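As given in TrEMBL:
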BINDING   G124, E147, I148, N182, A183, C202, T280, E281, E282  S-adenosyl-L-methionine binding site
ACT_SITE  D205  active site
Amino acid sequence: MSTDIQESKKSRRSNTASLDDVCISEETRKRLLYRKEKELKRKALKHVRIDDKELEKEIDKGVIELPKKRFYRQRAHSNPFSDHQLEYPESPRHMDWARFYPEFVSKDSGALPNDKRVEIADIGCGFGGLLVDLSPEFPETLILGMEIRVQVTNYVEDKIIALRAQHKGTGKYSNISVIRGNAMKFLPNFFEKSQLKKMFFCFPDPHFKQRKHKARIITNTLLSEYAYVLKEGGIIYTISDVLDLHEWMKSHLDEHPLFERLTELEEEEDKCVQIMTHSTEEGKKVERNKGSKFIACYRRMPDS
């Protein structure tokens, strides 16, 4: 290829890039600037003890505010089988939970006490509505949201940072955190055997096409992994607005020897069911659209 042709192509690419810069909408520009500012703040504040003097400056400047969801655009679904370049520990004992829950760290050891472990997990936590509503109901229990989408995880992180800052000194929201992770692949890397008391699966991706059913979050194989990290008597909570998916999850849980469905009365009286039904973004959307919600909860049975 001649030098003139190469230079001509470079020039066209350069002109196209310049045109893109010129034509960027004001809304897009605002979104990018907003996300850049949040990213800088996230790097400075997340997973660390917040310096009191620095926090006071932030509050005085009025910059510790709840994030605006419109600036965290993300595709609705993510392929769980793709290589997302996720970071995960070699095993649960390699996981440094102290940086996720700094308020619970022992001043003497600089680590979480031995009796403090994550005991509630919201799998595919979305925008964190359930985490926020569960927090005051279980103030001494560590709760973790796992989300595979980058911008959604960033939103939840920023929301937790803002809530902790706004309620500084009260301990509120210090027991919730979020991590970007793929529960379908790496759950045993994060949690020990029989560690969790509760697992939530709220409005998971239905993967309507039959060839994609293997990507559903409830399958026989995955249920065995959930049974591994759940303690005896622990509960799996499921909710969906898609009847076919609800029946799918229910049939797989019914067939699994380590799970037994709660009675109708137990589900009605479980405060977590009430919170789960109304706290998530998807749940609120279903309510606005006057749709149906299908719930099924299962107890982890003793090993046979």
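Glycine too: its Cβ is placed from the backbone N, Cα and C atoms.
Those TrEMBL annotations? Automatic predictions, nothing curated.
All features noted in TrEMBL, drawn onto the structure.
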residue	record	contacts (Cβ under 8 Å, 6+ apart)
G124	S-adenosyl-L-methionine binding site	M146, E147, I148, A183, F201, C202, P204, D205, I217
T280	S-adenosyl-L-methionine binding site	G126, F127, G129, L130, C202, F203
E282	S-adenosyl-L-methionine binding site	G126, C202, F203, D241
Please give me the CB contact count at 10 A for I148 (S-adenosyl-L-methionine binding site), counting all chains in the structure. 21
Give me the count of other Cβ atoms within 10 A of the Cβ belonging to A183 (S-adenosyl-L-methionine binding site). 22
Suppose we draw a 10 Å sphere around the Cβ of the residue listed as 'active site'. How many other Cβ atoms does it contain, all chains included? 18
Find the longest CA to CA distance in the recorded S-adenosyl-L-methionine-binding set G124, E147, I148, N182, A183, C202, T280, E281, E282; express it in Å as a whole number. 20
